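Here is what TrEMBL records for this protein:
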TRANSMEM  7-31  transmembrane segment
DOMAIN    9-458  domain 'Major facilitator superfamily (MFS) profile'
TRANSMEM  109-128  transmembrane segment
TRANSMEM  140-157  transmembrane segment
TRANSMEM  169-187  transmembrane segment
TRANSMEM  199-218  transmembrane segment
TRANSMEM  239-262  transmembrane segment
TRANSMEM  282-304  transmembrane segment
TRANSMEM  311-331  transmembrane segment
TRANSMEM  337-362  transmembrane segment
TRANSMEM  374-397  transmembrane segment
TRANSMEM  403-423  transmembrane segment
């Protein structure tokens with residue numbers, strides 16, 4: 001029964017992560033027309049709106065557009081960039097607070113609260129009629145993600161305490177994140193084209209409600225009193241200065257920079273350098289889903305057979321990301337550019353799947369086995385890349401060039417890969433006495449601490 005419950009909880013968390021990433025990307029095919037309609041710039045936000053001034057319904061708008069499509073003017077470019085970055089920026093600011101709160105109150109209540117805020121954000125998107133409302137909805141999503149994503153990943157790490165089950169569960173969650181990001185633009189584009197601008201958001205809002213109800217049935221927040229029996233988690237500021245956790249956080253941020261910086265810039269580059277058509281630009285990232293899932297699967301299998309090489313899988317992934325990033329500017333057609341993009345996503349899968357379980361292991365052996373703060377640090381690492389991408393990447397391309405951007409990102413990953421050697425002996429670590437010391441210094445605070453104290457005395 002316990003195994004079945006944790007599998008169902010894994011489904012709840014995966015759906016929450018899927019929803020978050022679908023909402024993150026579903027506005028891509030909709031937002032240019034939204035903004036153009038709001039300022040009367042030649043588009044009407046509706047299913048039969050002419051795109052780009054075309055007279056026929058839908059015009060030449062691709063149903064699979066670029067992830068951050070170019071706008072028709074500098075002001076709109078800035079508006080779209082700020083809109084996309086606002087989610088990651090607010091998530092980045094809230095994560096230290098959400099991680100601490102999760103450690104104090106448990107995983108279920110923050111996950112439910114995050115789903116509730118995501119529902120509110122999705123409903124706001126559906127009925128938004130001006131840019132300020134869109135910005136508020138996007139920022140609300142960042143607030144919800146700071147709780148739902150962090151609590152969800154931490155809940156998986158807590159319920160799947162043993163390897164290789166933990167790596168498999170976290171790998172499944174990563175696959176859902178990837179699928180949500182890649183499936184959202186066609187999902188939003190098709191529904192927007194044929195059913196109207198509100199329908200994609202209303203569908204996601206309904207799924208969000210169902211996921212929250214399922215969580216309430218499986219693990220009602222505060223219903224079992226489990227939080228009272230858990231130890232006091234290590235403060236997030238102490239985790240941040242742990243050198244091993246810092247190395248992992250740096251790797252997570254560095255490996256995601258190429259993806260975060262290419263998303264807003266590659267569409268214009270493909271049109272300028274190779275004359276890519278709308279459908280080619282729209283399909284740019286779709287094939288990368290398959291190597292990402294393959295990377296997750298390969299890493300999980302390798303980690304089960306050779307768990308002491310997790311650091312090597314991460315370093316290999318960063319080397320692949322670096323080489324692939326450097327190859328992007330050399331591509332001359334759509335078929336060629338798919339290959340390095342698939343390499344980047346394959347490498348990211350290796351790094352994420354190898355290092356996310358490593359964070360939980362480091363907390364187990366060096367701190368107290370409560371995971372909210374450590375996965376808040378991981379979320380901060382991702383948000384650093386995705387907050388900078390929509391705002392900074394375009395300026396770098398404008399001042400230095402697309403090739404220099406890719407070479408810099410590739411070099412950063414290649415140079416960071418050897419740093420993961422610092423994690424080589426992590427698997428040989430034994431649980432520290434920090435938990436025992438905390439118990440001896442502070443005395444028992446609940447049933448969990450009392451039992452541990454008795455075990456120590458025995």
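Counting begins at 1 with the first residue displayed.
Glycine is treated like the rest: Cβ placed from N, Cα and C.
Source: prediction; values computed, not measured.
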Original post:
Based on Cβ pairs under 8 Å, which of the stretches 140-157, 169-187, 199-218, 239-262 lies most in contact with the transmembrane segment (374-397)?
Top reply: 239-262
Original post:
Is the number of Cβ-Cβ pairs under 8 Å between the transmembrane segment (199-218) and the transmembrane segment (7-31) three or more, considering only pairs separated by 6 or more positions?
Top reply: yes
Original post:
Near the transmembrane segment (282-304), which same-chain residues lie under 8 Å Cβ to Cβ, leaving out any that are not at least 6 residues past its ends?
Top reply: 62-67, 163-164, 167-168, 171-172, 174-175, 178-179, 182-183, 185-186, 189, 263, 266-267, 270, 310, 313, 317, 334, 337-338, 341-350, 352-354, 357
Original post:
the transmembrane segment (169-187): which same-chain residues, six or more beyond its ends, come within Cβ distance under 8 Å?
Top reply: 10, 13-15, 17-26, 28-29, 63-65, 67, 152-153, 156-157, 159-160, 200, 282, 285-286, 288-289, 292-293, 296-297, 299-300, 345, 349, 352-353, 356-357
Subject >> Same-chain residues at least 6 beyond the ends of the transmembrane segment (109-128) whose Cβ lies under 8 Å from its Cβ atoms >> reply: 12-13, 16, 19-20, 23, 27, 34, 98, 101-102, 134, 136-138, 140-141, 143-152, 155, 197-198, 201-202, 204-205, 208-209, 211-212, 215-216, 221-222, 372
Original post:
Any idea what the model's mean pLDDT is for the domain 'Major facilitator superfamily (MFS) profile' (9-458)?
Top reply: 81
